[in-house]
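Noted in TrEMBL for the protein shown:
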type	residues	note
BINDING	R340	substrate binding site
DOMAIN	35-333	domain 'Aminotransferase class V'
MOD_RES	K189	N6-(pyridoxal phosphate)lysine
Amino acid sequence: MRDLLMIPGPVEFEPEVLQALAAPTLGHTDPAFITVFGRALKRLREVCLAPSSQPFVVSGSGTLAMELAGANLVEPGDRALVVNTGYFSDRMAKILERHGAQVTQVGAKPGEAPSADEVETHLARGGFKLMAVTHVDTSTGVLAPVEALVKAGRKHGVLVVVDGVCATAGESFHQDAWGADVYLTASQKAVGVPPGLALLTVSPRAMDAWRKRRTPVASVYADWAEWLPIMEAYEAGKPAYFATPPVNLVCALDVSLGQILAEGMEARFARHQRMARAFRAAWRAMGLRMLPVSDAVTANTLSAVYYPEGVDAALVGRVKGQGIVVAGGLHPELKTRYFRVGHMNRVGPTDVLAAVGAVERALIAAGHRSEPGAAVAAAQTALVTG
Ligand SMILES: *Cc1c(COP(=O)(O)O)cnc(C)c1O
C-alpha cells in the first residue's frame with residue numbers, strides 16, 4: 001500500500017510533474033530547454049502576482065532562497081526587523097545576522113503573531129532597511145497578518161522580505177498590489193515540485209537597493225550579479241551559463257506552474273481555505289486544540305494540532321500505520337506536544353477525508369475517547385457546505 005504524504009513539504013506531486021523529472025535530460029543550452037526555462041520564469045511572476053518583479057530560479061532548498069534575499073539585501077551594519085512567529089523566523093534572523101545585519105525581533109508566544117500595530121511601533125522608530133516576515137511559520141501553523149505587515153513596511157519605507165516557503169501558491173498573496181519586495185519559496189511545498197529549487201520574485205525597488213550596495217555580496221553562488229544575466233538570458237530566449245541549472249526540476253517547475261495558473265490563483269487560494277476549514281472542523285469534532293490561538297492566525301496550508309491528554313508523539317507512527325504520513329512538532333519549546341498535517345498543492349476532499357479518517361482511527365487506537373466517524377462527518381459537512 002502506498003502512503004499518502006501529508007507533511008508540510010514535500011507534498012504529493014502530480015503525475016505530469018513527476019514525468020518531467022523522468023524525461024531524458026536536455027542540455028542546459030538546448031533551445032527546447034531555453035523555451036521551458038523562460039516560460040517557467042514568466043509563470044513564476046504570475047503565480048506570485050508580481051508582474052513587475054525579477055524572478056530567480058536557483059538550485060537549492062528554501063533555506064537558500066532565504067539566504068539569497070539576506071546576502072543580496074543586507075550590508076554590514078544595516079538594521080533589520082524580524083517579525084518572529086517561530087522556527088523559520090529564527091532561521092531568517094540568523095541568516096540576516098550572518099550577513100552583518102543588526103537584527104531586532106518582534107516576537108509573540110508560540111501560536112500567536114505580532115499585530116501589524118505592534119510592528120509599526122518598531123518601524124516608526126526608524127532606521128530599518130529591511131523587515132522580514134514568515135508568511136506561514138511551518139513550526140506553529142501560524143499565518144502572519146501579512147497584508148497589513150507588508151503595507152506597514154511600505155508606509156515606513158523598508159524593504160519587505162516575505163518567506164513564503166510554506167505559503168506561496170497556497171495562501172493569498174498579491175506581491176505587487178501589496179508592495180512586498182521579495183517573495184521567496186521552495187519547490188516542494190505548495191508550488192508542487194520535488195525538493196531542489198529556491199524561487200524568488202524581487203521587486204524593482206529591491207533590485208535597486210541591491211545595485212546601490214557599497215560592499216560585494218559575500219558569496220559567489222548567492223550573488224544576484226551572477227544569476228541576473230542568466231535569468232534575463234533565458235527569458236529572452238538565449239543560452240547562458242553560470243552554474244548548471246537542475247534541468248529536469250526546471251522542466252517539472254514549468255509543468256506545475258502551468259497547472260497552478262490553469263486552476264487560477266484566486267480559485268487555488270480559496271480551495272486551500274476550504275480544505276483547511278474541513279480539517280479544522282474535524283479537529284474540533286475530536287476535541288483537539290490547534291497551536292494557532294485563533295482562526296485569523298491559522299494557516300490554510302497546514303494544521304498544527306496538540307495531542308490530546310494521554311496521547312504522545314507515537315501517534316505519528318500510528319497514523320502512518322493507517323496509510324497517511326503526518327509530521328511531528330518542530331517548534332523548539334513545544335515539539336513533543338503536537339503534530340502537523342500538511343494540506344498543500346493538489347489537496348482535495350478525497351485527501352482530507354482520508355487523512356482525517358486515519359488520524360481518527362489512530363487516536364482512538366491510542367485511547368482517545370472520540371466517537372468513530374465524528375471527525376470524518378464534521379469534515380464532510382464542512383466540505384459539503386463550504
Ligand atoms: C520549509 C521552510 C523553509 C526551509 O525550506 P527548506 O527547503 O527546508 O530549506 C523555510 N521557511 C519556511 C516557512 C518553511 O516552511
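The backbone N, Cα and C atoms fix where each Cβ goes, glycine too.
TrEMBL does not curate its annotations; it predicts them automatically.
The average per-residue pLDDT of the prediction over the domain 'Aminotransferase class V' (35-333) is 97, rounded to a whole number. It is R340, among the recorded positions K189, R340, whose Cβ has the fewest other Cβ atoms within 10 Å in the structure shown. With respect to their backbone Cα atoms, R340 (substrate binding site) and K189 (N6-(pyridoxal phosphate)lysine) stand 14 Å from each other.
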